[in-house]
Amino acid sequence: MANILRTIIENDKGELRKLEKMANKVIAYSDQMAALSDEELKAKTDEFKQRYQNGESLDDLLYEAFAVVREGAKRVLGLYPYPVQIMGGIVLHHGDVPEMRTGEGKTLTATMPVYLNALAGEGVHVVTVNEYLTERDATEMGELYSWLGLSVGINLAAKSPAEKREAYACDITYSTNSEIGFDYLRDNMVVRAENMVQRPLNYALVDEVDSILIDEARTPLIVSGPVSSETNQLYHMADSFVKSLNKDDYIIDVPSKTIGLSDSGIDKAESYFKLDNLYDIENVALTHFIDNALRANYIMILDIDYVVSEEQEILIVDQFTGRTMEGRRYSDGLHQAIEAKEGVPVQDETKTSASITYQNLFRMYKKLSGMTGTAKTEEEEFRETYNIRVIPIPTNRPIARIDHEDLLYPSLESKFKAVVEDVKERHLKGQPVLVGTVAVETSDYLSKKLVAAGIPHEVLNAKNHYREAQIIMNAGQRGAVTIATNMAGRGTDIKLGEGVRELGGLCVIGTERHESRRIDNQLRGRSGRQGDPGESQFYLSLEDELMRRFGSERIKAVLDRFKLSEEESVIKSKMFTRQVEAAQKRVEGNNYDTRKQVLQYDDVMREQREIIYAERHDVITANRDLAPEIHAMIKRTIDRFVDGNSRAPQEEKLDSILYFAKYNLVPEESISLSDLQGLSDEEIKANLYERALEVYNSQIAKLRDEEAVREFQKVLILRVVDNKWTDHIDALDQLRNAVGLRGYAQNNPVVEYQSESFRMFNDMIGSIEFDVTRLMMKAQIHEQERPRTEHNIVTTATRNISAQESDLPADVDLAKVGRNELCPCGSGKKFKNCHGRR
């Protein structure tokens with residue numbers, strides 16, 4: 001272990017030596033750039049672009065380009081990047097993460113690699129965690145970029161598609177991570193290429209990269225639509241039932257935060273809902289409602305996991321930032337269960353149309369980099385998941401902050417009493433204090449304590465994040481006391497007021513350890529920026545969440561030996577601090593393993609999504625007749641059906657093929673059994689394909705011009721693809737839940753998921769081709785003078801096909817259809833999974 005650490009440290013030192021040499025080469029251009037007039041300096045941008053077009057690489061241009069930005073920043077912003085900022089900029093250009101402490105000027109550091117990469121003309125995305133930072137950074141740094149001749153766009157959720165398209169077309173685009181993700185998904189749902197807003201994803205520079213790529217890695221971005229459902233009553237019934245339970249009726253596993261009914265709970269459920277067996281196959285839907293009601297009532301906690309807004313909406317609280325996540329909803333019915341629990345209106349369930357996780361979104365960029373003050377603890381995950389390194393950058397000035405040993409109290413009451421005393425003492429002498437909490441509930445509790453003690457203070461949490469920047473900016477003033485949920489206000493510097501340095505600078509007090517060391521380090525890092533004095537102190541108790549869930553028995557044994565009572569003094573021990581960090585490492589390891597497993601599942605979806613989106617993009621952008629593609633679909637559909645029935649007895653086989661042809665390919669009266677008798681399977685395929693092409697050509701002939709033909713083909717294909725893909729996403733979600741249980745049978749759930757999802761994907765492709773074939777052949781297309789609108793085309797196709805979608809021809813003899821043959825109704829499903837089970 002010691003050797004591994006030594007190797008890592010030596011590698012970091014070697015990397016820093018290289019970066020210093022490169023930074024010195026940039027600095028060597030300083031006098032040359034300073035001697036240029038404003039116009040000459042601005043002209044460098046066009047010169048660099050031309051040199052890039054002539055074959056020079058961005059690496060070749062790096063030293064001069066960085067020097068130009070440095071000089072430009074001095075003239076426009078009055079800021080001159082330090083050597084350490086140049087080093088950070090080089091790391092960013094190389095597609096890695098420079099770990100730069102709070103207050104070291106990460107925003108200015110980013111200007112150099114952003115400018116350099118924008119010269120390629122393929123777009124640079126500067127990604128922030130919220131729209132306040134998006135607008136702030138774009139406005140402040142945009143002044144420099146515009147002065148140097150580059151265009152800057154701001155992408156906000158409220159902007160129209162046209163405004164978004166304009167923002168993405170700029171050399172540099174500022175946006176939040178979520179908006180880039182949603183725009184990507186929406187772009188892959190449009191019917192016309194001109195409605196897309198994004199260019200291909202080129203280079204992303206992510207601010208607070210650990211927050212987005214680690215903390216929110218598992219968060220799926222979901223575009224969904226409402227599902228017609230009458231399930232509100234079930235949510236309320238399940239909620240009423242769960243609220244009637246005693247503690248003995250359910251079992252909670254604290255570490256994993258899972259819950260289920262005990263035997264007595266199952267008995268009560270069967271009595272309450274008048275069932276013989278709760279876990280009968282017919283009651284699967286009901287058990288899902290009960291499970292969600294259990295989670296909502298006994299796992300999800302008000303003011304910690306979510307808050308109720310003034311508009312009576314359930315808003316999710318981000319566990320890592322303490323902010324409410326506007327527009328986000330828990331999936332799979334959990335959000336509705338919480339709404340029923342809190343007595344607010346239960347909103348309709350939705351169906352997922354498209355989804356992607358941040359892990360897979362950002363891995364799509366040609367080059368990815370990011371900035372943060374705390375990434376080294378997650379170095380392995382950055383390397384394994386995103387193939388990017390973490391390089392610690394030295395501070396411009398030595399860190400003067402004093403980090404005190406943790407203080408441990410036996411109970412929450414005694415801990416908070418000590419916190420209030422500490423805050424009061426520091427407030428009286430004028431030292432500003434920032435108190436960090438992990439939940440809204442803790443903020444409110446501590447705020448009441450401070451009010452009772454007569455200490456004026458500000459509270460920053462999920463309930464008032466709109467004042468976030470203002471509260472944080474004032475947190476360094478003399479006598480200021482600020483309570484901040486977790487890392488609220490991250491991205492805004494706390495500058496010390498007059499006379500505060502002499503009082504010891506900003507004191508940061510943590511009211512408990514977070515499950516991630518990185519989050520604790522972020523809180524500490526709010527103090528002691530740019531060599532300022534400061535202090536940090538963590539107060540812990542045995543009743544803290546981390547200690548309850550993961551505290552080791554050794555800690556408890558030590559405390560028993562000390563025989564602490566609530567009134568007695570606190571423990572301060574290096575051994576204890578090490579034990580807490582060991583618990584944190586265990587949690588971090590668990591979380592990393594979870595994210596890794598999520599990625600394994602999501603990679604399956606990613607591969608399938610990329611295939612569907614690529615095919616979809618080809619259809620959208622094709623400015624040609626799509627007949628060759630449609631002909632191929634028709635041929636494969638015919639081949640698939642004939643092959644699927646090839647082993648059936650001859651009479652049954654011909655009957656099935658005849659019904660298939662009549663109701664999916666050609667007019668009923670145009671084909672009979674005699675047309676198929678005496679033909680081999682290959683001859684039948686050729687015969688049906690020839691007939692189908694005749695029908696296809698007659699359908700297309702009804703459309704007066706080429707534009708109408710292309711429009712009809714595109715809309716028809718996209719409608720089918722989108723419907724099938726939406727159903728497939730739902731099916732994959734259900735599969736993922738199902739394969740988890742197979743682990744009990746010694747099967748690897750991920751391998752099972754990969755295998756099963758591959759089969760389902762192939763089935764979906766077959767189903768898409770079947771539906772395109774059937775719609776193309778059976779849609780009623782009236783001769784027309786001009787192209788019909790997308791809406792009319794789709795409506796006609798839907799209206800004329802929907803009646804046949806699941807209706808069985810009256811003269812079908814079901815007894816003659818084989819279980820594994822395709823159902824003659826034309827659904828594309830096997831008979832045993834369709835009309836064969838009715």
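Using the three backbone atoms N, Cα and C, a Cβ is placed for every residue, glycine included.
DSSP classifies Gly105 (ATP binding site) as coil under the three-state reduction. The number of other CB atoms found within 10 A of the CB of Gly105 (ATP binding site), across every protein chain shown, is 19. Marked as ATP binding site by Swiss-Prot: Gln85, Gly103, Glu104, Gly105, Lys106, Thr107, Asp493.
Annotation comment: Swiss-Prot describes Cys823, Cys825, Cys834, His835 as Zn(2+) binding site.
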Lowest 10 Å Cβ neighbour count of the binding-site residues Glu104, Asp493 is held by Asp493
So Lys106 (ATP binding site), by the Cβ count within 10 Å over all chains shown, scores 22
Near ATP: residues not in Gln85, Gly103, Glu104, Gly105, Lys106, Thr107, Asp493 with Cβ within 8 Å of the site Cβ centroid are Met100, Thr102, Leu108, Thr109
Cβ neighbour count within 10 Å, max among the binding-site residues Gln85, Thr107, goes to Gln85
Span of the recorded ATP site, as the biggest CA-CA distance among Gln85, Gly103, Glu104, Gly105, Lys106, Thr107, Asp493 in Å, is 17
Listed in sequence order, the residues of the same chain lying six or more positions from Gly103 (ATP binding site) whose CB sits under 8 Å from its CB are Asp493, Gly528, Arg529, Gln530, Asp532
